[in-house]
Amino acid sequence: DVSLSCGSSGTSAARDSKEWHGDAQPKLSSLLQIKGSSTASSVTHKLVSADDPVPYKTGRFSRSRFSYTFQVNPGEKILRLHFNPGPYKGFKRFKDLFDVEAGPFTLLSNFSASLTAQALSVNSFVKEFCVNIEENEHESLNTYAFINGIEVISVPSDLSYFHKGDIGVQMVGKSLVYIDNGTALEIIRRVNIKHESVLSGGSISDMFGMWETISKKKASKMNNITWKVSVDVGFRYLVRLHFSELGFKIADIGGVIFTVSINEMIANIDENSNPWYRDYMVTMKGHKEEGKHDLLICLQSNDEFMNGHGPLKGFEIIKLSNPDDSLASPNPLPSSHDSSYQNLHHILGQRNMIATAAITLLVAVNTIVYISRQFWEASDTVEENKPSDRAKRLCRRFSLDELQLATEDFSESHLIGRGGFGRVYKGLVDNGRKTVAIKRQKLESHQGSREFLTEIETLTELRHVNLVSLIGFCNEHGEMILVYEYMACGTLADQLYKLSRTNHDRHSLTWRQRLTICIGAGRGLDYLHTGHSLIHRDVKASNILLDENFVAKVSDFGLAKYLSTCKLQQSHVSTKVKGTFGYFDPNYFNTGKLTMKSDTYAFGVMLLEVLGGRPAVDPRAGEDEQILTKWARESISNGNLDQIIASNLRGEITDDSLKAFVEVAGRCLHDEPKKRPTMAEVVFQLEFALEQQERLKCVVSNGITCNVDDCHHSDDKTNFSVSTGEMTIASSDVHNLSPSPPKERSNSKVVNAETPSGRKEEDTISKPSRFSLWDAFWNLVKPSGKN
């Protein structure tokens with residue numbers, strides 16, 4: 001590799017510690033030849049780049065053809081040309097017009113570095129190209145006018161821009177095309193989004209040291225954004241997207257968690273031999289004389305989980321040479337800024353009074369509009385954010401002043417939670433007599449006024465012991481705030497894994513507590529499904545709240561969707577996919593058909609969270625363990641059920657309780673919605689799992705724990721084997737634990753606690769059989785017999 005400081009002698013170190021060699025050094029004669037008439041000179045000091053004077057403080061220029069010939073190894077080479085179009089002796093700015101050729105390729109034609117620097121508003125700049133050097137071929141660079149620095153850098157084979165053999169590049173919206181060695185490339189733009197190594201493998205800091213970076217604060221919000229890059233028309237462009245590991249995993253699962261489009265055409269993220277990036281090609285049609293058009297790269301995410309976990313690490317845009325082996329494009333037009341400014345100044349000077357009067361009038365109008373807007377907002381709410389009259393009668397309306405007082409103006413000391421919707425605060429209302437949870441929606445939240453109103457309208461219709469109660473709302477001054485009953489123990493997610501990350505001494509939930517919470521949450525969802533034909537659409541551990549007695553209450557109904565009574569026979573509603581990544585029903589994901597069984601699937605994911613004490617998606621976990629459902633399926637299919645059980649539960653769960661629990665989780669996660677159980681069936685089997693846990697153990701007064709069967713039966717030891725379909729669970733250590741068939745029960749009722757007049761009464765639900773067959777995949781479960 002070569003870093004050449006043109007017009008200088010000796011060796012200079014840049015601020016990034018890179019060594020640049022002067023082109024006048026005798027020791028470079030075996031590697032470099034300069035042919036033609038040229039002169040070395042220094043540029044005026046004040047115009048040297050402020051970032052780094054090397055290699056911009058010297059240059060080589062000429063009024064005739066001259067060339068550099070490099071002795072390099074064959075292969076793909078990055079070629080960087082550094083320009084600082086300052087004043088040199090015998091050379092005037094804006095008088096430069098020259099060509100640059102490399103081998104058979106025309107890189108620049110009738111090129112003006114001065115006009116380019118002016119258009120970019122910089123003193124110096126870099127043009128970056130990529131060419132392939134064949135065996136016994138020297139890289140020859142012919143240039144006119146001037147050059148300040150030249151770099152020749154080898155490209156690692158696994159990062160090649162050229163495609164060999166059967167590996168092609170996807171023409172967006174069309175079939176594969178190939179980039180062969182007979183093509184020259186110009187690197188137009190590189191953007192690093194994630195503030196980490198964009199590429200893996202090898203030491204390539206020299207090759208990829210020129211990435212644009214985005215602030216971390218801005219990068220954390222890069223989940224719905226469009227980049228516009230101005231490019232020359234009449235050329236093809238290679239777009240290389242660098243995905244994060246999580247981005248690839250999400251793409252492998254399928255669905256529409258995020259989409260990437262290039263010029264409004266979807267870029268399919270198919271399997272590829274390269275583990276770091278995907279290549280796409282797009283043609284910018286038009287004549288060169290048209291100048292530049294915007295190339296659009298659009299990233300869209302449907303899931304709030306993607307906030308801070310963006311699938312893209314960075315991207316590159318690379319121009320391909322045309323059939324004439326040319327990358328040249330027209331120069332930017334000369335700036336007319338100075339003349340325009342003078343004309344404007346002249347006009348304003350002659351019409352000073354008119355301009356002053358116009359500006360004064362404009363300021364007055366703006367002031368009146370601003371004051372009027374404040375008055376309107378204070379006196380009334382925005383019409384589309386108004387709940388129905390019925391909701392207003394059943395739900396208290398708080399003033400913004402009340403809630404600011406309750407939270408000390410939304411002080412950080414009152415903050416108890418946050419999410420994609422906004423923040424949750426603990427507050428005191430009614431003169432400090434009542435503690436409430438106050439959810440304040442942020443203005444840029446993906447959940448807008450529609451979700452805000454949905455929550456109000458839905459919760460005023462519902463009353464159940466396992467649903468969170470909405471106390472009131474506030475929609476003054478553009479605010480969207482909901483006030484709920486306060487849940488002292490936070491969310492199920494807090495208890496399972498969030499709080500343990502910051503407080504290692506806290507006690508985790510027992511297995512009995514976890515089962516009871518799941519049963520309560522299941523009853524709440526069953527009430528929604530059977531009593532109101534309502535699909536929650538965002539079932540997850542962080543939406544299950546726990547009161548001071550750990551009673552589960554389903555919350556967050558902003559995405560809830562009713563099944564219209566006239567469409568009940570269809571059992572689904574077609575809608576835009578919304579929810580949380582990691583909990584999506586694959587069928588809903590791929591078809592947009594939302595059913596009650598979509599909630600069942602998400603509930604199954606939550607059951608795995610309860611068993612494993614970890615989130616549905618954990619970017620901090622190992623590569624194969626980040627997505628809980630995928631990891632759990634693989635662990636179970638390999639007979640490693642113990643791996644997914646939280647360590648603090650392994651000595652507590654009995655075999656029969658674990659068997660019943662994992663069975664219902666597996667049924668909830670069946671790929672076919674029709675084969676998933678109803679929530680009533682789920683609750684019934686979870687109750688059975690709890691019975692198995694409590695039946696098999698008792699605590700005697702002296703503190704010794706023993707098996708119930710041991711207390712009432714002989715000491716004879718028997719082997720226990722139960723077969724269900726193809727599944728066999730066996731234990732040689734368990735004493736007389738074969739579960740007796742459950743007794744028949746009368747129909748269980750789902751009670752609408754505190755049902756006001758006009759609301760639906762209790763619903764009767766038939767209990768299903770507890771011994772339903774497993775999905776064949778889940779039949780491979782073989783837990784150990786250790787308690």
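For all residues, glycine too, the Cβ spot is worked out from N, Cα and C.
TrEMBL lists region 'Disordered' at one of the ranges 1-24, 433-456, namely 1-24. Under 8 Å from some Cβ of the region 'Disordered' (1-24) lie the Cβ atoms of residues 31-32, 34, 40-42, 51-52, 54-55, 57-60, 68, 70, 72, 147-154, 206, 209, all in the same chain and six or more residues away from its ends.
Other C-beta atoms found within 10 angstroms of the C-beta of Lys439 (ATP binding site) number 24, with every protein chain shown included.
In this model, the domain 'Protein kinase' (410-689) carries an average pLDDT of 87.
Residue counts of the compositional bias 'Polar residues' (1-14) by helix, strand and coil are 0 helix, 7 strand, 7 coil (DSSP-based).
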